[in-house]
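Per Swiss-Prot, region 'Domain I, interacts with DnaA modulators' is recorded for 1-70, and the stated evidence type is sequence analysis. Annotated region 'Domain II' per Swiss-Prot: 70-98, in sequence order. What Swiss-Prot records for 99-313 is region 'Domain III, AAA+ region'. The ATP binding site feature in Swiss-Prot is assigned to GLY143, GLY145, LYS146, THR147; the stated evidence is sequence analysis. Annotated region 'Domain IV, binds dsDNA' per Swiss-Prot: 314-435, in sequence order, evidence recorded as sequence analysis.
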Amino acid sequence: MNIGEKILLLLKEEIPEIEYNRYIKHLTYDTKKSTADNAIFYVPNSLVLSWIKNRYSSKIKHLFEIQNSIKVDVSILLKNQVESKKAEQKSVQKQQHSLLNPSHTFENFMVGGSNQFAYAAVKSVSEKAGVLYNPLFIHGGVGLGKTHLMQAAGNVFQNQGKVVIYTTVEQFLNDFIRHVRNKTMERFQEKYRKCDVLLIDDIQFLSNKEGIQEEFFHTFEALKGVGKQIILTADKHPKKIAGLEKRLQSRFEHGLVADIQPPELETKIAIIENKCKINKVILTKDIIHYIATVIESNVREIEGILSKLHAYSQLMHVDIDLQFTKNVLKDQLQENRANLTLDIITQNVAKDLNIKPSEIRSKGRSKNLVYARRIAIYLCRELTQNTMPQLAQYFGMQDHTAISHTLKKIGELMQNDEDFKVKIEELTNKITSSS
């Protein structure tokens, strides 16, 4: 017999039998949650709850204190409310879990020099939550893999049985507003402060929102104070987020700040090959190199391009070759390169070859200058919509036949010299990534 049952027997001796049978016998003692100084009972309905609280809660408290020789708090709760709350918590957890994309794993994240540090940091945190780097702040441009890495850690934590909440700042804000309107802030705070791991995307959108920054600060402190892991992403370093409170900026920097840079050519090639494998798209090495060379740094753009190529191929019943790829991506590449100018391309070539832009456009005929000029002309033709006469005028040539001759020479080199081809691809990648 537990202490709760013993108290009810003592109470039975002191009250009328009819009252005991009608009300007291329905009390259920919670042996798991009750402690020596805190007794918890459940009742089946509000009528019994009201009657016992009004008439016998003080008596029950007195009997407990006699038995335990210490002051005891007695809680009498409605059973279906407790069960409803548990169900709601499970529903919330399930909903948050479902927001994690199961395909975002460490295994299918392509690691290169541009993201190696961030990858290593997130991987380490997933192995020792709340111990190594807390918070972990990941920043970088759109489509570089911040969310993938964050959710990869979330999936690991979830598989360990931890309660993981993944959300964006926008969702966090909407949730906050809804609970304020409904006067249920306790539920909001319990939801976000009782989890084991909090993952929040796009933290820069806290900017200039004082009320939500205040609430997030207290949520952050509550979780950090008990060693719960926090991972945040943003498009820039905490110091560069305008309108972010100094105390939040300080706490974000107190953990580890890791950045992700645009992928270099080799990483883009690896990403394309991996996406082809996942999506069962067959591309030749030349096409993969072409896509990696001409697209910008956004990894999401790679996925879109592969989907577009696959769809065109299926609908038009044609094989995907290099010319087909160029035709399909023509409009998209023009849009991407709208900001590229002849000056920008020439400056990039000059910088790469350690000469002055003015020398490339000069009449100089030294071997180095001719080599640099030919590369600049080829890239200007490939990366802009300028005509050959326009290029001839820009580079100080008499007419477009000289441009045509240069393009032919570079084309031959690209076919016969693999090292030169790689050089052009890397230079193209630098120019398009920085535009």
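Cβ coordinates come from backbone N, Cα and C, glycine included.
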Near the Cβ of THR147 (ATP binding site), how many other Cβ atoms are there if near means within 10 Å? 19
If the ATP site is taken as the center of the Cβ atoms of GLY143, GLY145, LYS146, THR147, which further residues of that chain fall within 8 Å of it by their Cβ? GLY140, VAL142, LEU144, HIS148, LEU149, THR233, ILE260, VAL299, ARG300
According to DSSP, does GLY145 (ATP binding site) sit in a helix, a strand, or coil? coil
For GLY145 (ATP binding site): intrachain residues, at least 6 apart, with Cβ closer than 8 Å: PHE109, ASN115, ILE260, VAL299
List, in sequence order, the same-chain residues at least six positions removed whose CB sits under 8 Å from that of LYS146 (ATP binding site)? ALA118, ILE138, HIS139, GLY140, ASP201, THR233, ILE260
Residues in the region 'Domain IV, binds dsDNA' (314-435) per DSSP class, helix first, strand next, coil last, are 92 helix, 0 strand, 30 coil
